[in-house]
Structure formats: structure tokens, C-alpha cells
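Q: What follows is a single structure, and I will ask about it in a moment.
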Amino acid sequence: MADPGPASFSTRANALLRKNLTYQKRNLWSNIRLIMIPFYLCILLVIIQILFDTQVNNSADNRCGCECIERNRAGKCQRELCGLEHSKPDQAFFCSIPRPPLWPPLLQIPRPESRDVRGLRDDSCRRTGSCPVTILFTGNNRSLGTTVSENLFTSSVSANASEILRTLANNVLGTTVEADFTNYLDPGIASNLSIYNIQPRCILNATFPFSFEQPPLKFEKELRCVQGSNLWTNTSKEVNDKIFKGYKKGNPEGKINEIAAAYDLLNTDRNNFNVHIWYNSTYKDDAGNRLIKLIRVPRSVNLVSNAYLQFLQGPGTRMLFEYVKEMPKPETSLRLDIASLIGPLFFTWVILLLFPVILSSLVYEKQQHLRIIMKMHGLGDGPYWMISYAYFLTISVLYVICLMIFGSAIGLKFFRLNSYSIQFVFYFLYLNLQIALAFLVSSVFSKVKTSTVASYIYVFGSGLLGLFLLNFLIEDSSFPRGWIIVMELYPGFSLYRGLYELAQFAFRGNLRGEDGMKWKDFGDSAMDDVFYIIVVEWFLALIAAYYIDKISSSGRNPLFFLQNPFKKSPSLRRPSLQRQGSKVSVDMEKPDVTHESKKVERLMLESSTSHAIVCDNLKKVYPGRDGNPPKLAVRGLSLAVPSGECFGMLGPNGAGKTSFINMMTGLLKPTSGTALVQGLDICNDMDRVYTSMGVCPQHDLLWETLTGREHLLFYGRLKNLKGADLNQAVEESLKSVNLFHGGVADKPAGKYSGGMKRRLSVAISLIGNPKVVYMDEPSTGLDPASRKNLWTVIKRAKQNTAIILTTHSMEEAEFLCDRLGIFVDGGLQCIGNPKELKGRYGGSYVFTMTTSSEHEQNVEKLIKDVSPNAKKIYHIAGTQKFELPKEEVRISEVFQAVEKAKSNFTVFAWGLADTTLEDVFIKVVRNGQAFNVFS
């Protein structure tokens, strides 16, 4: 098959996308259960809503007031009459009101004990309730302002019972009772407290009784005179200062000095009327899930307008503000949307539940080393990030769309009343932030269980903290708004705040029979701040996640982005000069290793690519920890492997083989030295190296739910195989490792035996004809027949490929490897083909004999007679092994000596063997360890 060349960005992205879709297809029921979570929650909210409506609407306090007009003998009411006249102020809202009452316009004034007394001699007026009502004035023209302020109040208190509203309108009436959220019943009139008549001058405790009737309602009220005090201030800043310091927390003494109202006449003159009005907005009581109360601002506007008209036209001119009136209404019931009341908590949990799913998926690929194995087979960071991000975003968007559709379908006002476009934009922005955070946080965790526990703590903790902490502080008008914004920097709180705002608008809209949040309301809520916070955090989290991923996955310097991208590495095409004296002295004892090193130096100076792998003085030192010295894992390795050669690495555990493979595959950064793979430097061009590389790791890195065929299709696409070539390569690979017949190819890898998984890992490493393949103990766990078959596959694959494999099987090394290198303590002790090594280190026969213990001396005498220079190498329980130099023995003489010995003592077993590769390995390892200890 022709070389397909490196895969493009789109090809690799397509491969990952197909793999992800197949993977999710295998996990279909898990995805369905995930999507059903919002369905279950919405149904739960509907059930709670039904139970709530049934319970609440049966309460007498939540319906129009009634009076019993007929009782039976037992005293039980048989007939009742309901209406506004029988209702308490709280019940009036529920009554049918075809002709709403007319109410005199009242000015909101402070309670007597809270009025401003800073300009008085003392505060004794508070004990008698006679403190004046203070109103502040300012503007550009003090003379005009003084005249206007003098026209503010009247002295008329005459009453005409036939025209009571007009009579009251000619006076400036005030009340200390806050308004309700409707004007069907004015609490200022309905309460038992006095109505105040604000006049320029008052007789102490002067009162005027009057009767106010609006059928079917009738009230006997008392009009109490109170003095109005108009004070001039030079600037609006002084007005703000006086108002703020009159607030209990605005002065160190904690005193209350409330101002009723304030006016800034600005540039008002005879041709221009321009005024700013201050009022106490806390009377709106707009914190929490309740309707905003009305505030008595209209009378303030009318007063200053009348005062200006009288300034222009004289005291006989005025705009009479006769009454305020609500719109007619039918009888209503209490409409409380439970989804809006508890929705912020529930929907915070619903949306955040995606976070553990995304995080677990990312950490799983990290824990199982699937991310790095994909990267080793050519999947770069760009396609991985783009497809993974787009995939998670698609799943998340479908999730919230299902939530919105189902919530709307079952009638939840939270979704129906608020603008769908606002909801979608809010969810979309937050989902992007949540995905970016998952990528960022995934770099912290290495275990799925740990990440899952931590993420669910985050999910439920965020919802509960939002309900009991953030919700409380939002509704606390004294808590600084700036600190609320700071708290919303925590992503869980920004989500909760956005849902809180949507819930508030839906709740009020449901009570009023209006819409919830629309784009025109955007500036009147905290949603603009939430949007800004989410967008900025999304951008920052995405950059931070990508940056940390680059550092952690490639071992780059944290300041890698400051390096000159056009600066060539000094290691390219130049041999390393970091040769230590100890290395030179060792190489003098190993001519084969020295020859390899010189060969590497020559290749580094040439432009030839005949050798697929060239390692130049590659070294890895692990830093010391806990007081231990640094660990030298690889001691300046120089090695050249041409295309078409299989190079085997032998060595005891801890010799440095794995560290070397990890450096070559990009898992570790070399401490010094470098290596070229197809002419590309592993220190600077690892992403390009991956496109021509195959890896069979020591442990099988597979997706348990994907089949063997799907694994090979994925990795084949990463190697730029397409169409018929891809299918042919996959089938050939499956057949070569005996995973094709009997439907095995289409079984999930999780159902494979250990040997089948191993064969699949080898097939993955070889698909697409990579130029370089690293195999770490490829035949581990295979039965003899499968092992022989696998060796044949590897031997056939090496024709156009450079293969480096590690193994503990001498048989495997001898069958597969063209050359062998034996590693001891991080250094290469010898290098050559198996026959050369056996010839070089195996100039002796191995004689073995087993007898009873009392005849051990006889065996030693026998060997000394045959070979005076023989050396005992093994002795245990009557079994002894000797090395016999080939130059001083003949095989026939050994046989004759043994036959003669059998007549003198009993021989249980004996044998004579030529030197094996295992004997060479043991000898080299022992010599190498002894030399390193001596050094």
C-alpha cells in the first residue's frame, strides 16, 4: 500500500468526531438517562405546584374577604357575601372590582420619630410627634428655587363633604404608611393611622376629622397638621450627603434623620422647567420573590409642577391632582409560580450536573492514557480540543434545549414568560464557560473517582450556597453591590444569579399577568453584569486551560510562548558535545558502543535520512526528592536505527528502557541530548514526529465499549487512510492478528481476553505503515501459538519501518531483532546482532549435572579433569552448573567422562548446552552492574 502521508487537520478532526459519535452510540442509555434528569425535575416541580395551589388557595387569607349573612341552627354559615368591603387590605387584591375606588394622592413622609431634626435645637419634637417634614431644594438659580419652594404647600383645610376628593386634593396630604403593590385599597387610608396635612405653619397637635367614603367602603379619618420645612442646599452633592447621613448606617452615631423628598431645579427659568426628584426607593421592597410595591412619587411630581406654575402664573393657577385609581379587575386567586421561587436552586443543579459528566470524560482519557496514545498516533492538540469542545458543547446545548422545551410544554412560567432568546444566550454562554472550566480543572485530577466526588461537591455546594448565602445577600439592601459582583466571579454564583434574575421576572410577571424578562428589561436587572462576567471568565479559562494542557502534556517550559518560533534548535544536525569523562572511559571498554556513538556523530552532520531514528547522547536525570540524590535514568545514549531494522532493548527492571521509550514518544523531555526521528527533533518537532509514529504500550490502552474494528478505523483515519484503502487496511490488520473471524472484530474490546487486547494493541501500532514503531513487550500474555503468529506479523511489518521493542523474552528478541542492545543502570553495555553477542560473550559450554549431595565433590573432580579452567556458576541441592571454555574441551570427551562417572555414582540428570542469549544477558548485566559499582 502506498504511503498516505500525514493526515490534515480536518482528517484528524473527522477521525476523532467519528470515534466520539461511535463511543456515545455505545453509551446511548447513559445519555438518555442524563437527558431525562431535567424531565424528572420539571415533573417534580409541576407536582409541587399542584400541591401548593391546592393548599394555598383554600386559605381564607388568599381569597376575597367574606361576611356570613345566614347561619343554620348549629351556627354554621350557610350563605356569605364577599366583596371589598368585607376584606382586609391583604385580601382586597383577590376581590372582583368592576369599579375601583378613587383614592386621594398621598405623599410618602417619614414616621415622626425618624424625621430630620438636624436643623432644630433638639429632638424633643419626636416625643410629641410634631417634627417638621423636611424637603430639600437645590438648583442653578437660588432666587427662583426659593420662590418655587414657598409655593409648594397650601394653608387650606376647609372641607366640603360633597366634593371630598377635590377638597383633599387642594391640600398636601402625607402618610407614613407605605403603599401596596396595587391601588385597589390604599393602606394609608385603610389603616388606623392619621393622615397628615403638610402646611407652611401649624398649630401644635391641630387635627381635623373627616369622613371618606368610596362605596362600598367608608373610613372615618383624622387629618393631623404637620409643618413642612423647605431647606435650600447649594449643590446636588450636598443633597446626596444629607440624605445619606440621615440614614442610620450613614453616620457614625447611628442616628436617623430622614428626608421626605428633594428637588434639583437644575437650569429651570421662566422658559424652561427641568427638575430632578429624589425619593426613598426602599419603599418598593423589591428584594426577594415578591411584587414590587408602588411608591408615592406622582404627588411629588405634581407638587413641584404646581409650585412652578404658580411662580409663572400666580397663586390662582394649579394642576389639580384629584385621585389615583386602579384598573377594573375580576376576582382572582393567588398565583405563585413555584418553579420561579425554587427554580434558581433546582435549575442550578440541573445545568451544573453536566460538569461532572464532562470532567469525568476528560479525566478518564487522562487516567487511561488514551489522550497521549491518540497524540502518539498523530492526533494533535488542535483537532483534539476543537472536536472535544464542539462535542461537549453540542451535548450541553441539546440538554438545555430539551430542558426549555419540556419545561415550557408542561407550563412552567419560568420558561414561558421569560424571553427564549435571553434564556438561550444565557445558557449558551454559561455552557461554554462550564466546558472551559472542565478542561482547566481536568489538569488537576488524575483519577476519575476523585474528580467525580469533587465535581458533585461543587454542583450541590454551589446550589446550596447560592440559596442560603448569595440569595440572602442579594435581598439585603445594605450589602454592597460591588461585593455581590465579586462573589459572582465564582462560576456557580454567576449561574445562580442569572437564574435568580430570570426567576424574579417570571414570578412578578405571573402575579401581574405580564411577560417576564425581555431584552428591554436587560439593563434593569443584574443580567448585564452576569453576561460580562461569564464572557470574560470563559475567555480566560479557555486560554488558561490550553496553556496548562500544553505545559503538562509536552513538558514545555511555562514561558514557551515567549520563545522565538523561528529560532532553530542548536541540536539540529549537530552532534552533542556533552560527553562526560566517565562516559568516554566506559566506551573504551565497549568498542561496539563506541562505534555506534561515532556513527551517530557522523549521521548528525549529514543530511541523509537513511536512518529513521538517531539518538545523540540522550540523557535523563530525575531530580532528587526527600533528601535522595538525583537519579540518572539514561546515561548519554547514542543509537542509530535504520528503516527496515528491528532493534531490541534488553535489560533488568529499572535499567532505563522505559525512560528511553518515554523520551522517544514525547512523554518525557530529555535532560540533555536529543534524537531525530525521520529528521525531526523530538525536543522541538514532536507534534510532527507523531504523524509518522506507531506505539504499542506495555499496557493496553483501549476504549472498553468500542470494537476492535472501530479502534482500527479510528487510528487508520489518523494515519490518513480513507475509503477502500482504510477498510482494506483494517481487514488485513484484523486478519493478521487473528481478530477477524467469528465476529471477534465487532465485539467490544471490554469483552476481549488479555491476549486479544494485546494483539489489537499491536495491530493499532502497525496500521497505516508508520515510519517508526515503539513496542513495549508486545507479546506479553499471549499463548505460544498466538505469540509465534504475532512475531510473524511484526517481522513482516518491519520491511519499511524502524522498530524499537523492549522485551524480557530472549526467544522473542532472537526471533525478531536484527540488533540487540543490553541496558544496565541507564547505559548501553553492548550492541550487535544476537549471533555476534553470543559469539562475543559465549565462548563456553554450560554443563549441568544433578546428583545426591554426597557426590557433589565427585562432580567437581569430574569437571576439573575435563576442563581445568571450568568455572562453577550455579549450585543448589545437588544441582551444579559449570562454564567450560570451548578451546579446552571437546564434546566427545565430555560424553565419555560422564559415562565413566555413571559407573562410580548415581547421576540423576545431566546436560551440555551451548551459550544462549539468556546466558549472554546474565553475564553482561552482572559485568555491567559490577563495573558501575566499581566506578
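Each Cβ is built from the backbone N, Cα and C atoms, and glycine gets one as well.
Pasting the feature list from Swiss-Prot:
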- 34-54: transmembrane segment (TRANSMEM)
- 338-358: transmembrane segment (TRANSMEM)
- 392-412: transmembrane segment (TRANSMEM)
- 424-444: transmembrane segment (TRANSMEM)
- 454-474: transmembrane segment (TRANSMEM)
- 483-503: transmembrane segment (TRANSMEM)
- 528-548: transmembrane segment (TRANSMEM)
- 571-591: region 'Disordered' (REGION)
- 613-850: domain 'ABC transporter' (DOMAIN)
- GLY651, PRO652, ASN653, GLY654, ALA655, GLY656, LYS657, THR658: ATP binding site (BINDING)
Q: Between the transmembrane segment (34-54) and the transmembrane segment (424-444), are there three or more CB pairs that fall under 8 A, provided the residues in each pair are separated by 6 or more in sequence?
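A: Contact absent: fewer than 3 Cβ pairs fall under 8 Å.
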Q: Under 8 Å between C-beta atoms and at least six residues away from its ends: which parts of the chain pack against the transmembrane segment (34-54)?
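A: Distal contacts: 336-339, 342-343, 346, 349-350, 353, 357, 398-399, 402-403, 406-407, 410-412.
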Q: Within 10 Å of each Cβ, count the other Cβ atoms and name the one among the binding-site residues ASN653, THR658 with the highest count.
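A: For the binding-site residues ASN653, THR658, the Cβ with the most other Cβ atoms within 10 Å is THR658.
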Q: Within this structure, do the transmembrane segment (454-474) and the transmembrane segment (392-412) have 3 or more Cβ pairs under 8 angstroms, counting pairs 6 or more apart in sequence?
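A: Judged by the Cβ rule, the two regions do not touch, with the required three close pairs absent.
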Q: Relative to the Cβ position of ALA655 (ATP binding site), how many further Cβ atoms are located within 10 Å?
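A: A count of 25.
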Q: Provide the number of Cβ atoms within 10 Å of the Cβ of LYS657 (ATP binding site), excluding the reference atom itself.
A: 23
Q: Within 8 Å of the centroid of the Cβ atoms of GLY651, PRO652, ASN653, GLY654, ALA655, GLY656, LYS657, THR658, which other residues of that chain place their own Cβ, given that this set defines the recorded ATP site?
A: PHE823
Q: For ASN653 (ATP binding site), what is the secondary structure state per DSSP, taken as helix, strand or coil?
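A: Where ASN653 (ATP binding site) sits, the three-state DSSP reduction gives coil.
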Q: Near GLY651 (ATP binding site), which residues of its own chain have a C-beta under 8 A away, given they sit six or more steps off in sequence?
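A: Correct list: LYS657, THR806, ILE822, PHE823, VAL824, VAL925.
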